[in-house]
């Protein structure tokens, strides 16, 4: 089945005819030229909304809508829910949160778009699942800021999102490893200088301070102070020096508040800059020195701070050792002594490690010296004196003793001991003569004040004392007359295995009676007396003959 139609705006590419026919008998819906039979159109896509009828008679929309930012159409499942709704919802929420954080931190829009692409990659690699969305969003924004070289730091995202900076940093490192981001540029401290200067409110001198701070940062880069340091600490130190150069007093606390580094870190950067050649220049000489900074080359005189630190440590160790037994050059000493090689070759050594290696070295030298004496038969007072001097010089290095704890206080013997303190305390509990306390002395009363206080207390509590005294006198009178209401508690059987004798407790005339019996008749007599006594005390009925109770057990 085919329908004929004429399309004036369409011409056949083969014959130029405008007479076409559409084949609606198959699913391809082809448009064919009637003259030459050329298929000019098939599987045509229309943008009209068409409706169909479901099996239950309901009207349904046929087709799918593809938006401008979608790569696939949105399909509907059997339950009527969107199959791609969850992913699209996650991306939309991420875009909204990225824009909110970017607006709060003044991040440009193009950086936000780049961060959204990083978030899309993280979502495709299943990195978002199981992690806090705030950490992932902050990590994506930080990567985009590092790529675009903006002045934003991790601490800025941490302050805005109220999340731990270490948590964001851990997420950032894992994301960079997951996405294989290996060429992430280092943060330039010059980027943070202008950002920090705006917070200091420098006024008219802000431009001049920024210019001097940037030049100081370039000088520190030439002097090997960039590597291994936080850029915020470098920028804070440069800004502090630039303020001092322009007669603006800014304290360490103000720089710490805007750069988010510790005050010790800031002071350490200043101490490292003090040891450079640029620190010896005056302000005018530093500003006029343009060629050395613009070249950007590190001169041979400038060395990293760690290099000078290790050289000072080596010199300290060499001076502490005995120079008579040291070799002529340090190269020969390093090549012949493996322990000294380990000491001098290490980059960072603590004081305890240095003392440990020196002690090992001294032991080996002592053993070697003893072996040489035993081999050559050398013995004398000079050698004995030399050995004692060597032992004294090796036992104390840098003022520390190898046998004693260098951190133990030396004035502990001046403190009072426990025995001396206890000897001053009197054994008498009421003797307060040895108490030397002005506040306690003010609370102790003399004899007259004590009697006055006693009279006042008796007047206040007189009724209570009279009542207690009357109770005591009444109890004594009752005991003297025998009028007591105390009852003896029933004692438990001391021996449960007694078969020949038993103890029966009955109440006769209000008094307990302990009767020891050996036969059953005596028990019956006691039981009858107890029942009779009970019935006589409490009369249950007038129709009962209480005298007949004596005949219940054969009594007359």
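Cβ atoms here come from the backbone N, Cα and C positions, even for glycine.
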Swiss-Prot lists region 'Disordered' for one of the ranges 52-76, 477-501; which is that range?
-> 477-501
DSSP-derived class (H/G/I helix, E/B strand, else coil) of residue 33 (Zn(2+) binding site) | strand
For residue 36 (Zn(2+) binding site), write down the residues of its own chain that are at least 6 apart in sequence and whose Cβ falls under 8 Å from its Cβ; none is a fine answer.
-> 12, 14, 15, 17
Lowest local Cβ density among 15, 33, which the record lists as binding-site residues, within 10 Å | 15
